[in-house]
Structure formats: C-alpha cells, structure tokens
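What follows is a short report on a single structure.
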Amino acid sequence: MSNPEDIPSGLKGKNVARLVCCILGVGSLVAWNAMLTITDYYYQVFPKYHPSRVLTIVYQLVANVFISTLAYKEAKLSTRFRNILGYSLYTAGTFCLIILDLASHGNGSVGAYIVLCLIVALFGLADAFVQGGMVGDLSFMCPEFIQAFMGGLGIAGALTSGLRLITKAIFDKSSDGLRKGALLFIGIATLIELGCLILYVTVFAKLPIVKYYRSKAGKEGAKSVAADLAAAGLQDQAQQVQQMDEANIIRLTKKQLLRQNIDHGLNLFMIYVVTLSIFPGFLYENTGKHRLGDWYAPVLIAMYNGWDSIARFIPSVKILAMESRKWITGCVIARFLLVPAFYFTAKYADQGWMIFLTSFLGLSNGYLTVCIFSIAPKGYNGPESNALGNLLCVFLLGGIFAGVCLGWLWLIGNGSF
C-alpha cells in the first residue's frame, strides 16, 4: 500500500500546491454559496416560491444523480476533463444569473423562476463533476492537500457571506439596493470561477509535487490521471498508463472499499442530514422577527459559514485532529441534538442563543468533515484512493439532499403551505 506522506526530499511546490488546492476549493462552492447568500433578494423577487428550499432541492437532486453515475465510472473517466468541465459550467452558470436578472428586470415571473431553477441545475451538474473529481484526485496525495481543498469549501462560504454583508451595507439605503448588491455579488463570483478555471488548466498539473503524486498513481494503475500527466509534459508516461492492462492492476473493488469504510460514509451522510435540515431554509423562514430585522438571516448565514471555514483548518494541526473512528461516530450522532435545540431556541430564546447555535452547527460540520476525508484514504493505493474519494462524495451529497428534503418538515403547522 502506498503512503502519500512519503515525499522525496527536495521536491518543491508543496505550499504552493496547498494554496492552489484551497483556491480550487473556494471555486468549487462559491457559485452555490453565492446563490444561498443572496437568497434574501430572491425572497423579495419570488416571495411565494420558497426559493431557499426549492433551489436547494433542484441543485442537490441533479448533483446526486450525476455524482452517483460518475462515482460508478470513475476509473474510466479523465479527472482533468471532469474538473475543467465542472469549473466551466460554474463560470457559465454564474454569468447566466446576471443575464437572467438583467433580461427580466428583476421581475418575479414564473418563467424567470423556471430559468433560475435550470441555472441552479447547471450548478448541481458542475458540483457532481468537480466534487468527486477533485476529492478523488487529492485523496492519493498528501493529507494537507485534501485538508486545504476542504478548507477552501469553508472559505467560499465565509467569503460569500462577508461580501454579501458588505454589498448589503453599501446599497442598503439606495433605490433597488438589494438587487444592485446581488448583481455585484454574482459578478464577483463569476470572476472567481473564471480564475479557478484558469488556475486549474494552466498551473495545478505542472506543480512538481502534483506531477509526482499523479505519476505514482499512474504506475499503480490510475488511468484517470493520464490526461493530467500529458498536460504536465509527461506524454510517454501518460501513454503507458492508457495502455496498461487492467488485469494487471491490483486494487480493491468498490464493494470492498465500501465495506471497509461504511462508517465514514454513513457519518458524512448524517453530518449533512443534520446541517442541511437546518441550514439555510430554517434560518431564513423559521427564526421569527428580531432586533436585527432584515439583517438577521444574513448574519446567521455569515456566522455558520465563518465558523465552518475556521473549523476546516483545525485538523491541519496534528494534535487537534480527531482520528478515532469511534469518537467521530459518537460526535456525529450527538449532533442530532441540534435539531430540537434549534426548535426550542427559535420558539423561546433570543437572537444571541440562535447565533451561538448556528456558529456551533458550522464549527462541528467543518471539523468532522475534514477529519473524515483526511483519515479515510490512508493505506490505499492511487486507484483505490480515487475510488474511495468519489464514494465518500456520494454519501456527502446524499446526506445534503436528505437534509434538504427533511428541512421542509419545519413548515408543517406554521401556515407556510
């Protein structure tokens, strides 16, 4: 079995690679987080259509269908093609949001809402390509890379929340201010996605340490890296990988990998069932009226994203990383207590307690996610790590989708249907 931490001395580019992984992590979620963060604008435009809940279901339904298919076929798919296509779809989708709003003049027609749902479906498709592609790719490299990528996912949330609060403050008193802030915000997200696409295409594959890990995975039979090896100037090795006889490739089957890591998969599923049953729909629709007024929901979203981002970097400090599978499972199960905690806090407590709970929701979500993705690939070779990374993404997205669906139960009995 390969050990991704065995790096030849003198091999350069590790810190640069970590930075690039972090930026690519930001790009893999900033488009969707931008949608979530400007939901207050979409509630103004489409007040009758529950945009935070409906759009999230559309996104996750598409993402789950395609991530399952891609995970099944991961060994035969080019990781480079998946990621380039994914970041391209993100860039095109965010730009289309601007075009849609300008074309509809911010009017909440049924036609505009349908087109909005189609753009969100495009984001779901992009997520299926990028999430499994990047996680699978980084799983056979050193743990710091997957930690940096996961940290980037958290930064995407914190960045979008921070920018949203700034744009909301700038345009708060101006005519049509909410719309102007949302358009500026989406414009920034589009530029970030374009930057990530360029970074992945021109920089990432050529970093020495990335070339080393992909070359090693190729020798172990990972055909998914062939295009990346060619892009890095290793055409001869890329050709050897493509011509490799699959009968000679030693790797566990997906069923064997799943059996050995079912606890990791179920833990990821449960983490996101709890998180997405609360965030963002409950925070927008079920927290009542408070002193912060229309700033209340954006502040809650910002607190969740901020602490989620911070928590994703905690496991990078070895002494603070949780590696016990039993302890992780215990913490995951304990998070279900957050559901009644949010219910009673929304009903009886003030906004301070809700902000505290929301912060803890983000903190526990980010920390446990990175702990699982950091320890799961240890002891597997390149093709196995890639397959396992894709399988874990299926559980993660499945938990998100289940959580989003369960989130509708908060509406029962409050007159929202």
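Glycine is no exception: its Cβ is also placed from the backbone N, Cα and C atoms.
Predicted automatically and left uncurated, TrEMBL annotations should be read as such.
According to TrEMBL, the protein has these features:
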TRANSMEM  16-34  transmembrane segment
TRANSMEM  54-72  transmembrane segment
TRANSMEM  84-104  transmembrane segment
TRANSMEM  110-130  transmembrane segment
TRANSMEM  142-163  transmembrane segment
TRANSMEM  183-205  transmembrane segment
TRANSMEM  265-283  transmembrane segment
TRANSMEM  295-315  transmembrane segment
TRANSMEM  327-346  transmembrane segment
TRANSMEM  352-376  transmembrane segment
TRANSMEM  388-411  transmembrane segment
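Tertiary proximity for the transmembrane segment (295-315) is limited to same-chain residues at least six positions away from its ends with a CB under 8 Å from its CB atoms, namely 33, 36-37, 39-40, 147, 150-151, 153-155, 157-158, 160-162, 164-165, 168, 279-280, 283-284, 287, 321-322, 351, 354-355, 358-367, 369-371, 374. Counting Cβ pairs under 8 Å that are 6 or more residues apart, the transmembrane segment (54-72) and the transmembrane segment (388-411) reach 3 or more and are in contact.
Beyond its flanks by at least six residues, the transmembrane segment (142-163) meets 4-5, 7, 14, 17-19, 21-30, 33-34, 36-37, 134-135, 185, 188-189, 213, 298, 301-302, 304-306, 308-313, 315-316, 366, 369-370, 373-374, 377-378, 389 of its own chain at Cβ-Cβ distances under 8 Å. It is 352-376 that, among the stretches 110-130, 183-205, 352-376, forms the most Cβ pairs under 8 Å with the transmembrane segment (388-411).
Sequence-remote contacts of a segment are chain residues at least 6 beyond its ends whose Cβ falls under 8 Å from one of its Cβ atoms, and for the transmembrane segment (352-376) they are 135, 139, 143, 146-147, 150-151, 154, 261, 264, 267-268, 271-272, 274-275, 278-279, 283, 287, 299-300, 303-315, 321-323, 325, 328, 331-332, 335, 338, 341-342, 345-346, 388-389, 392, 396.
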